[in-house]
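Participant: Please see the structure below; I have some questions.
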């Protein structure tokens, strides 16, 4: 038992249950991965329809975007919880406030009530803050337990962020109004030794407002770099927030932050290692593919993503990209497709497309991150709707279905791929569907129909000789470059559980020792002598220290084993000489009959999605969409309209 009950009770009440669930979830996910997931093709149509009823979109357009029935139910319950909590707080808090009691503190009744309302708004903001970090912990075990990924959960982080900042802003404004009414504006400069620090709270609110203002959709899309850099103010926001309320009260929001800090430190350790880039393919549509060497033991699910950093372009910017390869069909390589969209990707394309190309591309990665399992096999057929580079997640899905059909003998659904491109040059991306670029379209084991739409050209190009050329660059990796591997090895879930549990135990032990032998002799549990801010600093340092020590020890234990496997893997990679291959011919490894030739191409039109989806046959049709916002909304509207009962909508997150 901790000597200080004011720290021990909230520590065990708020932190222990969530961290225990997270550690236990790691064991469950490890066993699930080891035993394999259930074959989703065994699901009956009734089961699928029952599940899909709650996953059907209810709102398509609006500030919240696409919202499903389940999400709407949780939104309503969460808002109701906040409103009910605030009402109960006020009812209980206002009842003892009488004119006599208010006069005792030289206040009027409404001023005392205003102060109490401001305090309770801050309490509700702390509750929202407790949930804010769960969606952004990419490698956490909590999200997979409820069938979510960090990419798909970003919208929950956005919603919670807006609610949190509304509550904290109202909390601060009401206190300022209260101080003005009481002629106590000097309270804004108060840093109390043993109680609330107003200055720290104001600084925390200012940093939070900086993040909030630049996170709105219009600013985020038009000035992404401004949003990216200002969002890193979350560290100062959190530091001053803990200094404002003290370490004990911050334990309410600490479980989510604790898991996020573990995830963030592991990502930092993984990003220190430069990875081996084997080659790059430059497409005529100003899109490129990067091929990495990977550890054969690294497995990932379709639609997974990795974060890439190229120090020669920017040492601070990390960009997510959807993995197009399949870990089963391509056990030694990992591929991503990068479109020439933003300034970062433009610089990368220009750097690789120049004649004097570099011999080695220095790259660091974080990930992969993706769903723990996929459910594509439960449908009779799949309709994949994509726009532009939104087609890239479907590459990994198709390749997974190929693996399921050829290697495991699983019955796979037939696929209708509807892809819209701006120009005919973008059609070259279809040649990336088959792994290894060496399988003929006629021998593809999956029944695949491709309908491609070129929206900005009314007729096929007169000459395709130049557009069919794909240039390849082969790199010469450094001896220190390592294949991509999981930072915690093949048993990553178990090791993550060890880090969570051991770091928490270490934190409790160190906090107990410092409290007993350093703070207690000074304060004697009176909370009237030892400064509150000093307690907060000690608590934050102990949390960071326990996570750093435990995670570093686990990573070091796995590093040697991963390095040995990586060396064995690189022995089989025959890296060709650097530079461009001949650009006057197509790559010899490309199919004789490419997907472009086997695709039904429509020029000068957009797909009539309502007509196409209404004609699809099958008891269960999975509709996957990935692309521009309007396309996702249109498909969601069709699937939720009840036009066809067997359509089951699912939006796919992608990064490029």
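Glycine too: its Cβ is placed from the backbone N, Cα and C atoms.
In case it's useful when we look at the structure, here is the feature table from TrEMBL:
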type	residues	note
TRANSMEM	12-31	transmembrane segment
TRANSMEM	66-90	transmembrane segment
TRANSMEM	114-136	transmembrane segment
TRANSMEM	156-182	transmembrane segment
TRANSMEM	194-213	transmembrane segment
TRANSMEM	233-262	transmembrane segment
DOMAIN	270-375	domain 'FAD-binding FR-type'
TRANSMEM	493-518	transmembrane segment
TRANSMEM	538-557	transmembrane segment
Participant: Mean pLDDT over the domain 'FAD-binding FR-type' (270-375): what is the value?
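Facilitator: That region's mean pLDDT is 87.
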Participant: Considering only the recorded stretches 156-182, 194-213, 233-262, 493-518, 538-557, state which has the highest number of Cβ pairs under 8 Å to the transmembrane segment (12-31).
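Facilitator: Most contacts with the transmembrane segment (12-31): 493-518.
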Participant: Cβ pairs under 8 Å only, please: of the recorded stretches 156-182, 194-213, 493-518, which one is richest in them relative to the transmembrane segment (538-557)?
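Facilitator: Top-ranked stretch among 156-182, 194-213, 493-518: 493-518.
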Participant: Cβ under 8 Å to the transmembrane segment (156-182), counting only same-chain residues 6 or more beyond its ends: which ones?
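Facilitator: Contacts with the transmembrane segment (156-182): 64, 75, 82, 106-107, 111, 114-115, 117-119, 121-122, 124-125, 128-129, 131-132, 135-136, 188, 198, 201-202, 205, 208-209, 211-212, 215.
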Participant: Per DSSP, how many helix, strand and coil residues does the domain 'FAD-binding FR-type' (270-375) have?
Facilitator: 13 helix, 40 strand, 53 coil
